[in-house]
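S.K.: Take this structure first; my questions come after.
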C-alpha cells in the first residue's frame, strides 16, 4: 500500500508490502482467505466514504464562506488539508479498493507507477499540511510582526506551496521503485511490485518513509504547539510591572475582562494541542509500527488478520483531520451547521463577521487562540 504493492512475495498473503523481486517465494493465484478479503474490502470502503464525505463537507462549508468574502488565513490551510485528504481518498484508498477486489493490479506499467506515486503524494501532503498549519499558527502567535509583513491571507501562501512541493518531490522514488513485474516465474502473471537493488533496500526505504511521513511531522507539530502554549501562558503571567513594587516591564496588558477571554483561549488551545498530537499519533502509529515490523522482522505475523487490516489504515488520519480543525474553528463549524440546516430545509443561523478564524497577525492573542 504505502511503499509496496498490495500483493506480496509471501505465500498466501494479499496485502503486505512486496519483497524485492528476486525473492524465491511466490504466491499462487486464488490463495486469499475469502473472509479476510471481504473484511479488507469493507474496511477500505468505509474509510473511502468517511474521508470523501467528511472532507467534502468541510470544503463545501469553506466555499460557502468564501463566496461571502469571509476567508481567514486558517481557512486556507483547512481547505488545502481537505484537498490533500481528498487526494488520499481518490489516489490511495480508491485504487487500493479496486486492487483488493481484483487481487492483482490491472493496468499498464505507467499506471502502476502513477498510482504508487500519487498514493505517496497524498500521504505526504496530508501530514505536511498539518505541519504547515501549525507552523503558521506559531508564527502568527509568537512572531506576529513577521507574520504581518509576509501576510497569509491568499489562497496560496508560502507554507502551503512548500508543503505541496515537498510532497511532490519526496514521492518521486515511487516512480522508480515500482513497476509491473512478473510475479509467478514464466506464467506471465504480472503485478505492481517494488524492486530494490540490495536486500537492505526495503528496510531502509520503509524506515525513511516512517521518519518523513510520521516521526518528523509529529515532532514538528508537538514542538510548535508547545511553543504556542508557552507564549500564551507567558501572556497570562503577571510581569514585574503588575507585581507589588514592580516596574512596568511585564507582558500582560488589557482589562480583567480581556484576561478572562485570554484564559478561556488558553484552555481551548491546550485542548486543541492535546487533540491534534494525540489523534495524529494514534492514527499513524499502528500503520507504521506494522510496516516497520514487517520490514525488519523476518518472523513477523504477516498472515494474521489484525496485521493485515492495520496495513490498510494509512488513511485513518484523513478521516479525523477535517473534524478536528472544524471543531476548533468557530467559523467553519458555524458554516457546517448552516450547510446541514440548508440541506434539511431549515433556516440557517446568521453568521456574523465575528466568526473569523484565528491566524491573522494583526489579531489579538486571545483571538489567535480561540478560532
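Cβ from N, Cα, C; glycine included.
Copied straight from Swiss-Prot:
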COMPBIAS  15-24  compositional bias 'Low complexity'
CARBOHYD  22  N-linked glycosylation site
LIPID     341  S-palmitoyl cysteine
LIPID     342  S-palmitoyl cysteine
TOPO_DOM  1-38  topological domain 'Extracellular'
TOPO_DOM  64-77  topological domain 'Cytoplasmic'
TOPO_DOM  99-113  topological domain 'Extracellular'
TOPO_DOM  136-159  topological domain 'Cytoplasmic'
TOPO_DOM  181-200  topological domain 'Extracellular'
TOPO_DOM  221-271  topological domain 'Cytoplasmic'
TOPO_DOM  294-308  topological domain 'Extracellular'
TOPO_DOM  329-371  topological domain 'Cytoplasmic'
TRANSMEM  39-63  transmembrane segment
TRANSMEM  78-98  transmembrane segment
TRANSMEM  114-135  transmembrane segment
TRANSMEM  160-180  transmembrane segment
TRANSMEM  201-220  transmembrane segment
TRANSMEM  272-293  transmembrane segment
TRANSMEM  309-328  transmembrane segment
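Quick one: how deep are these features, and who are their neighbours?
M.R.: The Cβ neighbour count for residue 341 (S-palmitoyl cysteine), using a 10 Å radius and every protein chain shown, is 13.
Around residue 342 (S-palmitoyl cysteine), taking its Cβ as the centre, 12 other Cβ atoms fall within 10 Å, counting all chains.
Mean pLDDT, taken over the topological domain 'Extracellular' (1-38), works out to 46 on the 0 to 100 scale.
Broken down by DSSP into helix, strand and coil, the topological domain 'Extracellular' (99-113) contains 9 helix, 0 strand, 6 coil.
Per DSSP, the topological domain 'Extracellular' (181-200) is made up of 0 helix, 7 strand, 13 coil.
Residues 14-15, 71, 75, 78-79, 82-83, 85-86, 88-90, 93-94, 96-97, 100-101, 305, 308-309, 312-313, 315-316, 318-319, 321-323, 325-326, 332, 335-336, 338-339 of the same chain lie 6+ residues outside the transmembrane segment (39-63) yet bring a C-beta within less than 8 angstroms of a C-beta in it.
Within the same chain, residues 1, 6, 41, 44-45, 47-48, 51-52, 55-56, 58-59, 62, 106, 115, 118-119, 121-123, 125-126, 129-130, 133, 155, 160, 163-164, 167, 312, 314-315, 318, 321-322, 325-326, 329, 332 sit at least 6 positions outside the transmembrane segment (78-98) and bring their C-beta atoms closer than 8 Å to a C-beta of that stretch.
Among residues of the same chain six or more beyond the transmembrane segment (160-180), those with a C-beta under 8 A of the stretch's C-beta atoms are 3-5, 76-77, 80, 84, 105, 107-109, 112-113, 116-121, 124-125, 128-129, 131-132, 190-196, 205, 212.
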S.K.: As a quick check of your reading of DSSP, tell me how many residues in the topological domain 'Extracellular' (294-308) are helical, how many are strand and how many are coil.
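M.R.: Secondary-structure composition of the topological domain 'Extracellular' (294-308): 7 helix, 0 strand, 8 coil.
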S.K.: Can you name the far-off residues of the same chain, 6+ from the ends of the transmembrane segment (272-293), with a Cβ under 8 Å from a Cβ of it?
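M.R.: Answer is 2-3, 17, 127, 130, 134, 206-207, 209-210, 213-214, 217-218, 221-222, 225-226, 228-229, 300, 307, 310-311, 313-314, 316-317, 320, 324, 328.
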